[in-house]
Amino acid sequence: MAPTHVLRCCQRSLAWIPVIFIAAVVCWSYYAYVVELCLYTIISIGEKIIYMIFFHLFFIMFVWSYWKTIFIQPANPSKEFCLPKVEKERYEKEERPENQQEILWRAATNLPLYTPIRYCDRCQVIKPDRCHHCSACDMCVLKMDHHCPWVNNCVGFSNYKFFILFLAYSLLYCLFIAATVLQYFIKFWTNELKDTHAKFHVLFLFFVAAMFCISILSLFSYHLWLVGKNRSTIEAFRAPVFRAGSDKNGFSLGFRKNIAQVFGDQKKFWLLPVCTSQGDGLTFPTRLVSADVEQQATVTLQQEPSKSAAEVPESPVSESQNRLLSSEQNANNVAEHQENNTHTPAESETITISIESES
């Protein structure tokens, strides 16, 4: 028991090495740019001031978003996703998988789930949609994207916006350094400027900035594509499964709404590393909800074709599903039911189904 605990502590300590490395590079880049380049190399006062203002702007935003990505704790499933004590004991004693699945089905009846029921034996919770267990953090993370060693943290619902901004500002930081250092890099390389102790810092500053810029650009572009599709890295490799089968675009609501899911509705806060993401990480709107409602309503209509509109029961949509359906989606569903599910009996009666959302 003790060796395992010691090993775990060593692993957690070593996990900070990439973060310490990035912090050291950033501190050195600050010294090399501000002191060696701006103070000792650049002669023009106006150029110094302009470079220092924009450099510190990108530096502050970069460090702020990086800090938030590292130290914001990943969001975990709430208590409602934990099995009741009695059900938990029955689940652990039960040996047959089908009986265990039946226990989970009963426990998840009132939970807002659109994907198959998944139970984490490690955390002993029913996983919400888009939730996954991180072996590095040893916890279930809401809307988990991936575990990033460069921030020593899981990137998920609680800090995904901060991670995107971290990539954006680190890219701008490196681009600005590379662009402004380039002319002095060339002058030092061609010996137009005399050799000083600043030469080493300026030369390596350009190489390091260009190298990081290329690597960050590809990662940032990929995650922008994921945001536009409303997918996580996990979902990009393994499509989520719904009642109608797997669908890689199941959570996609359209480009603008997908952006708002991560950055929020207020555009003035999009570029600031403050929490503005929509939702609670436990439930997510999906474009497949309306399709499920239509299927249930169609089955009900086929079973009782002779009843009038007042006698047809409401579609059995759970309260959790209704919470996820927007008023716009409900309006569209009613219109589609009136067009597609109209039944004309012998007396040419028209039967329609009305679906009301519980607000």
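Glycine is no exception: its Cβ is also placed from the backbone N, Cα and C atoms.
TrEMBL labels come from automatic prediction, so no person has curated them.
According to TrEMBL, the feature compositional bias 'Polar residues' maps to 317-345.
According to TrEMBL, the feature compositional bias 'Low complexity' maps to 347-359.
The domain 'Palmitoyltransferase DHHC' feature in TrEMBL is assigned to 117-237.
As annotated by TrEMBL, region 'Disordered' applies to 300-359.
The transmembrane segment annotation in TrEMBL covers 14-43 (among others).
Summarising the annotation, TrEMBL assigns transmembrane segment to 49-67 (among others). Sequence-distant neighbours of the transmembrane segment (49-67) (same chain, 6+ residues past either end, Cβ-Cβ under 8 Å): 22, 26, 30, 33-34, 37-38, 42, 151, 162, 165-166, 168-170, 172-173, 176-177, 180, 271, 273.
Sequence annotations record features per position, and here TrEMBL assigns transmembrane segment to 162-186 (among others).
The transmembrane segment annotation in TrEMBL covers 198-222 (among others).
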Tertiary contacts of the transmembrane segment (14-43) (same chain, 6+ residues out, Cβ under 8 Å): 51-52, 55, 59, 62-63, 66, 70, 136, 149-152, 177, 180-181, 184, 193, 196-198, 201-202, 204-205, 208-209
